[in-house]
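Trainee: Shown below is the structure under consideration.
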Amino acid sequence: MQQGTLMRKVKSKSWKKQRFFKLQDDCMTIWYQSKRTGKTESAFSISDVETVREGHQSEVLQSLAEEFPPERCFTIVFYGRRGNLDLIAGSAEEAQCWVEGLRQLIETRSFPLTSALVFRTWIRDWFQKADKDKDGRMNFKEVQRLLKMMNVDMNEDHALRLFQAADKSESGTLEGEEFVLFYKALTQREEVLSLFQEFSEDGKKLTLLELVDFLRQEQLEDEGTEELAMELIDKYEPSETARTRHVLSADGFLMYLCSPEGSIFNPRHQVLWQDMNQPLCHYFISSSHNTYLIEDQIRGHSSIEGYIRALKRGCRCLEVDCWDGPNGEPMVYHGHTFTSKIPFREVVSTLGKDNRVKPSHPIPSLVLQGAGSAGLQQCGVLGDRRSHGGDGLPKVPTSPSTTLQELKHKILLKGKKIGRLEDTLDGPGDEAPDVSDDDNGAEAEEERRKVKVAGTQHGSALQKDKESLAQALSDCVIYCKNVSFRGFQEARSHSRPSEISSLSEAKARKLIRDAGNEFVRHNAWQLTRIYPSGMRTDSSNYSPQEMWNVGCQIVALNFQTAGMEMDLCDGLFSQNSRCGYVLKPPFMRDEETLFNPSDPSSWEGPGPITLTIQVISGQQLPKVANSKDRAIIDPLVRVEIHGVPADQAHQETKYIENNGFNPHWDETLQFQLHVPELALVRFVVEDYDKTSRNDFVGQFTLAFANIKPGYRHIHLLSKDGTSIPPSSLFVHIRITE
């Protein structure tokens, strides 16, 4: 990789250009240049790369499948909205070299930020950004430029003092270890040092017993505390001598606080920690609306990339809208609009590959939401496509008590069905065929029209043939049969746990307002799907929280649109090994529950919980996207509680002028939570602007149940949910009943 490789960069069937790709000496940067001109075309950092896919795993490479074998093809996927980079190597060996090499570099980058390797990598990144003349040294002018880049507004005299203290060679420049010294002086954490000295008798180290005291008194660790203290010393103490003596230095203490063990997110809840032997209706399920769209709802681009991204984000309910296409081939797109189209077979192929991206994933079952209006003949084609991904379809109808664990590795099709689910087991009765319906407006009307037309032609042999083909698709629907919602009493009398209704956000809100408790009871035994209003043509989202408050399981969002709504979704499903399923609290799984999110008198429990958050400081906050190089932010922190109406609240700190590097707030915010089981806590950092709306800087959202008390770091995420290391907040959390 460091010698460089000639590969084809491809953008379409006709656009295939040769480029020379080379990994730089820092092992963090890759640049490529045109073979024809020799001019460097572009460069990217390993830190920008999310993953590498082998073979024909993009639309462009799939279109070239007959021309180039999969062994020579791979795709580099970037974080955020940057487009993928599709490449074709000269040989399978070269492709494998780059795929494996990139994966190793990504893995190295993913080590905890506390490791010496990543610390030095981060320093090197800053050094290279500021070393304009690329001579491997940094003069004071370049240091001043660096401070601006790092969001630091520092007095020139103070900056010069730090520079001179680090310049041990007195050469007027910093290089190598001198720059490391300068960086360490710059990032000195006084608030952490003060905390360290509170528990250290000599102010220089924490003995094993002193560390145990800190873990018990401040971090509220009450089980196996001595073993934990030993573990932390072995893992985070940089000095071998100190490790041997079982003591923790100030550097090791800081490394622990910045580690996953020092995070606000309880590490025990990052693994699969919930009971997965409950019926499907007892879980919140990560769900996507119009998954194929990666832009707006009217003219947006349809792409298999939408499915790949959603799956990698932990989504477990995907939407596939199938419509009649040319040559008897169903197409996936947003019907009655100008969105682009993708062949249904490509979607099935992608799901077949990507549902197994993580072979060891604990619960990789999927619910496929089928909509659209493919004609009966092309419905048959959909049924016949079962051979592409049908191994994952359950072969017999499931009972109401079928658990999520029993559905492991299965794909459930949610859709319309001819006849009753029971007929699949008992054989059809004497009743006229009943075709189930959905509550999706235009699509439902179109389907009703087609069924009516089919009924008038029932006598023709051709129609019978088409019906038998459509039956193949209908037979795939054995758990999530679509039924129209006609009220809670009607559902209780005539519906079954294996059926599901889809409601628009407006209809769901009305039911929440008028019959909150009945809605919660209904969702304790049957699935409900909520979808965005048809007026959201810009692919905006509604708040999923109000739907989760009544136990709706499948709350479909536009995954392509960043914002608070997707932050809440990512926050809820970031637990439980990110498997896409979160167990509802006990009072939402009880069919006789009295719980109503809008009625405090229906809530059981010991009373409200008080959440006290001391916002202490921030570390290396990013600049506002698209801001000018010299614009240093004025950060403030807002903490939002999302939950039942009585718990909805937000408070914010004052803003700190001109300091995005190490702002100190030392402010305490306090919240009362009446139903903590449903609460999500969102930390937002904004750049204060007195003349216009504040600019977004970073955020982190998690369920209240996943919060660890004590002194904790909150590792911030960007607007589209990707990490932005080492940006963080340092807080103290106290939870009292």
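From the backbone N, Cα and C atoms, a Cβ is placed for every residue, glycine too.
Pasting the feature list from TrEMBL:
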| type | residues | note |
| --- | --- | --- |
| COMPBIAS | 424-445 | compositional bias 'Acidic residues' |
| DOMAIN | 1-107 | domain 'PH' |
| DOMAIN | 118-153 | domain 'EF-hand' |
| DOMAIN | 154-189 | domain 'EF-hand' |
| DOMAIN | 473-589 | domain 'PI-PLC Y-box' |
| DOMAIN | 589-718 | domain 'C2' |
| REGION | 380-403 | region 'Disordered' |
| REGION | 421-447 | region 'Disordered' |
Trainee: If I take every residue in the domain 'EF-hand' (154-189) and average their pLDDT values, what number comes out?
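Mentor: So the average pLDDT across the domain 'EF-hand' (154-189) works out to 83.
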Trainee: DSSP says what for the domain 'PH' (1-107): how many helix, strand, coil residues?
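Mentor: Per DSSP, the residues of the domain 'PH' (1-107) fall into 27 helix, 42 strand, 38 coil.
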Trainee: Looking only at residues six or more beyond either end of the domain 'EF-hand' (154-189), which have a C-beta under 8 A from one in the stretch?
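Mentor: For the domain 'EF-hand' (154-189), the nonlocal Cβ contacts are 120, 123, 126-127, 136-140, 143-144, 147, 254, 617, 619-620, 661-662, 730.
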Trainee: Please count the residues of the domain 'C2' (589-718) that DSSP assigns to helix (H, G, I), strand (E, B) and coil.
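Mentor: Helix (H, G, I), strand (E, B), coil: 12 helix, 60 strand, 58 coil.
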